[in-house]
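S.K.: Okay, so TrEMBL annotates it like this:
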- 10-29: compositional bias 'Low complexity' (COMPBIAS)
- 257-271: compositional bias 'Basic and acidic residues' (COMPBIAS)
- 290-345: compositional bias 'Low complexity' (COMPBIAS)
- 80-238: domain 'CRAL-TRIO' (DOMAIN)
- 1-29: region 'Disordered' (REGION)
- 257-345: region 'Disordered' (REGION)
Amino acid sequence: GQPMHMAPAGQGPPQQWGMSQQQQEAAGAQALMQRFSPGTVDEALAKRFMSARNWDLNKATQLLFDYLQWKRSFGCPVDPRTCMTELLKGKTFVHGTDRVGNPVIYHFVRKQDPSTRDLQEAVRAVVFWAEQAEKSATATGKVTVCFVRAGATNANSDLGLAKAIMPILANNFPERLDRVLVYPTGIGYRAAWATFQWLLDPTTRKKIQPVSDQYELIQYIAPEQLLAEFGGHNQFQFSAAAIPGLNWWDLETVEKEQREKQQRKDAEEQQRQMQQMQQHPVVGRNFNVPRQPQGQPQGQPQWGAPPQQQPQQQPQRWGAPQGQQGGAPPQQGWQQHQQQQGPPQ
């Protein structure tokens, strides 16, 4: 046949005389499929990997071989029970479609907590949702990511997760990403983007779409599909029921494990405090018995006294001298005061 030449990035396979673009894509996919065992690679997968390497057969073969190796070692498809703690946080999930029919992956930065998350489990959770979006991308073969920065602080920044997950998504889910909607943008976004952009390859970098407000976000996702939190009409609220493949007994197992983990953590903290007290005792101080305050003010409760023996404070009567508060009735008290003072001069 005619020699094949490299095609520019983002375009179809190299041109061959007498063949349409669809025919050339099919021919390239068949050539890649023949390099693997029958039934291992379908035509759609082969086309994506060929396109990811600009229809270079040798490079696509290496990329696809590495993908199949990674899939076996990573354990795909991901069992949700292997990353349930991360999944139940609701920081990532798939819901609805954008205006062109791509399934939308929502990721909430404010729900990231790099100080407590397990990195491997967090990576598996992202791959799990990438697989779910891939299953839903039947109409376009692409997915849209809505990267939500609202409510996030510096403590939510998880550069370690980003460095771990970016190569996995780029090498094992090629030609799946349509665009990334970053919402909202501002000074914080520009500062983060200055660092984050170098984790992305140039092709992915061009797919990042900053979105400044909800009105602009509706231009990409229709109101009936957009979550109410972002000004849409969709009332979806994430819960465990939104995680495919989970059963109620799985949730009970996780809750039990979390309770036991918290109990162990509390016990360790209590033991640590006891050790600190033993190493640095406070002489003459009993932490279990409250000390009697000195100079108890009149009318205030006395520590340790029964309620019936508490001093009763009488309300002050208008016009009565201080020494006669709570004594005679108002009129009688005033007469006694007049007798003591004598007639006015």
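Residue numbers in this text run from 1 along the chain shown.
Note: Cβ is positioned from N, Cα and C throughout, glycine not excepted.
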S.K.: Counting by DSSP secondary structure, give me helix, strand and coil numbers for the compositional bias 'Basic and acidic residues' (257-271).
M.R.: 15 helix, 0 strand, 0 coil
S.K.: For the domain 'CRAL-TRIO' (80-238), what is the mean per-residue pLDDT, to the nearest integer?
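M.R.: Over the domain 'CRAL-TRIO' (80-238), the predicted model scores a mean pLDDT of 94.
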